[in-house]
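Comments concern the structure below.
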Amino acid sequence: MAKVAAIVLAAGKGTRMKSELVKVMHPLSGMPMISWPVNVVREAGAAVITLVVGHQSEKVREFFADQGDIVFASQEEQLGTGHAVACCSEALSGFTGAILILCGDVPLITPETLQTFLEYHYRQQAVITVLTTCMDNPYGYGRVIKDAAGHVTEIVEEKDASAEQRQINEINSGIYCVDAGFLFTAVADLKNDNAQKEYYLTDIIKTAVAERRTCCAFPIADPMEVMGVNDRVQLAEAGRIIRVRINKALMVAGTTIIDPETTYIDHGVVVGRDTTIYPNVCISGGTVIGDNCVIESSAVIKGCKVGDCVTIKAGSVMEDSVIGNTVAIGPMAHLRSGTELRDEVKIGNFVETKKIIMGAGSKASHLTYLGDATIGSHVNIGCGTITCNYDGVKKHRTVIEDDVFVGSDVQFVAPVSIGRNSLIAAGTTVTKDVPPDSLAIARAPQVNKEGWKLKNK
């Protein structure tokens with residue numbers, strides 16, 4: 001295929017979102033909304049992508065700053081789509097080939113559709129091809145006017161359309177493929193003599209027709225692909241459609257999702273074969289989950305790397321953690337950022353971890369806080385154990401070596417180190433290092449006063 005560039009229009013504020021955040025930067029299934037059309041034109045073959053920015057341009061520029069195929073064009077005053085494209089003339093100066101043009105609030109268009117669209121444009125040897133669709137209720141959309149041969153002669157906006165033209169149900173999607181040599185000459189000559197007093201990009205069709213050049217329509221069957229997102233209702237609907245696509249792709253690849261409608265998996269998440277995901281699970285942040293895992297209901301997993309044969313029980317929350325193979329987590333466990341669990345570790349109910357390394361085969365089965373700690377292999381952490389890691393100013397680490405047994409209700413006042421094969425008696429508060437092969441016990445001796453209750457009645 002010939003060389004292709006793309007223009008993504010992203011300068012508008014999006015007032016109907018009722019938000020301080022510019023519309024195209026609203027999150028959608030793990031990415032800002034504008035990332036969806038940008039990624040799609042890239043997959044469709046665009047060698048260079050020009051983003052037209054205006055409102056909160058610094059947020060858009062910052063997000064895409066490290067993506068070398070993206071350049072920016074500023075539209076300080078929003079005077080219409082034609083004006084927005086004209087702002088790209090310098091950024092695309094000297095480019096020859098086809099230019100894809102679409103809006104930054106159209107996240108559902110697919111790479112396959114755009115690739116077919118481009119191929120059609122070249123086959124027809126058109127100067128302009130408009131991607132269109134038919135709608136049962138086309139209110140608010142520009143209508144596509146054609147001649148007897150089926151070529152596009154005009155696109156008329158809703159407010160400028162006659163009663164007869166409003167009966168047409170083939171609408172302009174706002175996605176175009178235009179010959180670069182024609183495009184910037186045509187937009188430079190646009191006028192704003194319309195109801196909106198804007199420079200309509202669609203008016204370049206009149207120029208092409210006057211020059212007896214071919215303008216084509218490329219209709220697609222699914223109107224949802226070209227749905228624009230203008231408010232939070234449409235944002236939620238777009239998220240639902242993307243979620244269906246993500247979950248379907250995972251299921252086709254070998255993941256079992258018990259109830260796809262209540263399973264929320266973001267773009268960029270990888271899940272292995274024969275893993276089962278139960279309802280009301282949320283997985284995000286580029287999480288990678290291995291094969292043969294079980295993710296029970298209401299688990300929340302963000303930015304984690306999970307090995308094979310891992311069970312994450314109901315209600316567990318995990319973020320920025322690394323999990324080995326054959327690990328059991330939860331129910332109701334909380335793995336905070338910096339947690340690393342080696343193979344065959346068990347983290348039970350109401351256990352919280354943060355910035356720890358826990359060696360293979362170690363267990364913390366219930367009601368425990370482990371923070372800023374290095375724990376060896378085959379260590380048993382008893383119920384109610386706490387690493388006291390914060391002195392009010394700084395965080396300190398606890399080190400527990402291999403094969404240590406920690407009884408219930410133990411506090412480690414960091415910094416402290418426990419030697420291998422030691423035993424920490426239940427109820428002990430550890431304030432100094434424990435040598436290897438030792439018993440540490442630090443609690444007041446039990447005193448029984450017989451008959452005490454009778455005397456004090």
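Using N, Cα and C of the backbone, Cβ positions are placed for all residues, glycine too.
Quantities reported herein were computed from a predicted structural model and do not represent experimental measurements.
According to Swiss-Prot, the protein carries these features:
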- 1-232: region 'Pyrophosphorylase' (REGION)
- 9-12, LYS23, GLN75, 80-81, GLY142, GLU157, ASN172, ASN230, ARG336, LYS354, TYR369, ASN380: UDP-N-acetyl-alpha-D-glucosamine binding site (BINDING)
- ASP105, ASN230: Mg(2+) binding site (BINDING)
- 233-253: region 'Linker' (REGION)
- 254-457: region 'N-acetyltransferase' (REGION)
- HIS366: active site, proton acceptor (ACT_SITE)
- ASN389, TYR390, SER408, ALA426, ARG443: acetyl-CoA binding site (BINDING)
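Feature annotations (Swiss-Prot) mapped to structure.
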residue: LEU9; record: UDP-N-acetyl-alpha-D-glucosamine binding site; Cβ within 10 Å: 29
residue: LYS23; record: UDP-N-acetyl-alpha-D-glucosamine binding site; Cβ within 10 Å: 24
residue: GLY80; record: UDP-N-acetyl-alpha-D-glucosamine binding site; Cβ within 10 Å: 20
residue: GLY142; record: UDP-N-acetyl-alpha-D-glucosamine binding site; Cβ within 10 Å: 24
residue: ARG336; record: UDP-N-acetyl-alpha-D-glucosamine binding site; Cβ within 10 Å: 16
residue: HIS366; record: active site, proton acceptor; Cβ within 10 Å: 18
residue: TYR369; record: UDP-N-acetyl-alpha-D-glucosamine binding site; Cβ within 10 Å: 19
residue: TYR390; record: acetyl-CoA binding site; Cβ within 10 Å: 12
residue: ALA426; record: acetyl-CoA binding site; Cβ within 10 Å: 15
residue: ARG443; record: acetyl-CoA binding site; Cβ within 10 Å: 11
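Remark: secondary structure over the region 'Linker' (233-253) totals 20 helix, 0 strand, 1 coil, with classes taken from DSSP. Around ASN172 (UDP-N-acetyl-alpha-D-glucosamine binding site), the same-chain residues at least 6 positions away in sequence with a Cβ under 8 Å from its Cβ are VAL130, THR132, TYR141, GLY142, ARG143, VAL144, ILE155, THR202. For ASN230 (Mg(2+) binding site), the nearest of the binding-site residues ALA11, LYS23, GLY80, ARG336 in terms of C-alpha separation is LYS23. The distance from the Cα of ALA426 (acetyl-CoA binding site) to the Cα of HIS366 (active site, proton acceptor) comes to 15 Å. TYR369 (UDP-N-acetyl-alpha-D-glucosamine binding site) falls within a strand when secondary structure is assigned with DSSP. Rounded to a whole number, the C-alpha distance linking TYR390 (acetyl-CoA binding site) with HIS366 (active site, proton acceptor) is 22 angstrom. Site extent for acetyl-CoA: the farthest pair of Cα atoms among ASN389, TYR390, SER408, ALA426, ARG443 sits 22 Å apart. Taken residue by residue with DSSP, ARG443 (acetyl-CoA binding site) is part of neither helix nor strand, so it is coil.
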